[in-house]
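Q: According to Swiss-Prot, the feature divalent metal cation binding site maps to Asp9, His11, His43. Among the features that Swiss-Prot reports, 4-CDP-2-C-methyl-D-erythritol 2-phosphate binding site is placed at 9-11, 35-36, 57-59, 62-66, 101-107, 133-136, Phe140, Arg143. What Swiss-Prot records for His35, Thr134 is site 'Transition state stabilizer'.
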Amino acid sequence: MFRIGQGFDVHQLVEGRPLIIGGITIPYEKGLLGHSDADVLLHTIADACLGAVGEGDIGKHFPDTDPEFKDADSFKLLRHVWMIVKEKGYTLGNLDCTIIAQKPKMAPYIEDMRARIAEGLEAEISQINVKATTTEKLGFTGRAEGIAAQASVLLQKV
């Protein structure tokens, strides 16, 4: 049996915060605003995994009203989500992600992101795809006001 999930997330770029995407800190003058570390890609992946097993979304599991998750490491949140997936008897088929950002360029960091995500999902790097695109300077991502991400996951019953 297979299950498919999809995720989407957006965070605003602001000064005074580190930029963490896919579990990797990227040197940039701005970072993403959020209750946790605001890792837009890991949040998207967590949502896709939760959706695939019918467990809602990260807001349900890690509410932004709970002080326990203030500045939380999104990699730890992803690991918790993956434990839920495993408890339900699933393993990763593959994951395909897209980061939508005008700036900074993501290409130099994608392989490190793939490795970190594979670690979090107990998978091979070959099961993880991360790509990046711009919106050709259109919309909030095009104006570099924020970063968005999308993910599709295929889970397989063990």
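All positions are counted from 1 along the displayed chain.
Using the three backbone atoms N, Cα and C, a Cβ is placed for every residue, glycine included.
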Q: For the recorded divalent metal cation site formed by Asp9, His11, His43, which further same-chain residues have Cβ atoms within 8 Å of the site's Cβ center?
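A: So the additional residues around the site are Val10, Leu32, Gly34, Ala38, Asp39, Val40, Leu41, Thr44, Ala148, Ala149.
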Q: What subset of the recorded positions His43, Asp66, Thr133, Thr134 lies within 10 angstroms of His35 (site 'Transition state stabilizer'), using C-alpha positions?
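A: Of His43, Asp66, Thr133, Thr134, within range: Asp66.
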Q: Around Phe140 (4-CDP-2-C-methyl-D-erythritol 2-phosphate binding site), how many other C-beta atoms are within 10 angstroms of its C-beta?
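A: Other Cβ atoms within 10 Å of Phe140 (4-CDP-2-C-methyl-D-erythritol 2-phosphate binding site): 16.
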Q: Please name the residue among the recorded positions His35, His43 whose C-beta has the most neighbouring C-beta atoms within 10 angstroms.
A: His43
Q: These are the binding-site residues: Asp9, Asp66. Which one scores highest on other Cβ atoms within 10 Å?
A: Asp9
Q: Near Ser36 (4-CDP-2-C-methyl-D-erythritol 2-phosphate binding site), which residues of its own chain have a C-beta under 8 A away, given they sit six or more steps off in sequence?
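A: Listed in sequence order, they are His43, Phe62, Asp64, Phe69, Lys70, Asp71, Ala72, Asp73, Ser74, Leu77.
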Q: Does DSSP give His11 (divalent metal cation binding site) helix, strand or coil?
A: strand
Q: Work through the recorded positions one by one (Thr133, Thr134) and point out the residue whose CB has the fewest other CB atoms within 10 angstroms.
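A: Ranked by other Cβ atoms within 10 Å, the recorded positions Thr133, Thr134 bottom out at Thr133.
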Q: What is the Cβ neighbour count of Phe62 (4-CDP-2-C-methyl-D-erythritol 2-phosphate binding site) at a 10 Å cut-off, with all protein chains included?
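A: Result for Phe62 (4-CDP-2-C-methyl-D-erythritol 2-phosphate binding site): 20 other Cβ atoms within 10 Å.
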Q: Measuring Cα to Cα, how many Å separate His11 (divalent metal cation binding site) from Asp66 (4-CDP-2-C-methyl-D-erythritol 2-phosphate binding site)?
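A: That separation, Cα to Cα, works out to 19 Å.
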Q: Any idea what the Cα distance is from Phe140 (4-CDP-2-C-methyl-D-erythritol 2-phosphate binding site) over to Asp9 (divalent metal cation binding site), rounded to a whole Å?
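A: Just about 13 Å between their Cα atoms.
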Q: Determine, using Cα-Cα distances only, which of these recorded positions is closest to Asp9 (divalent metal cation binding site): Asp66, Pro104, Thr134.
A: Thr134
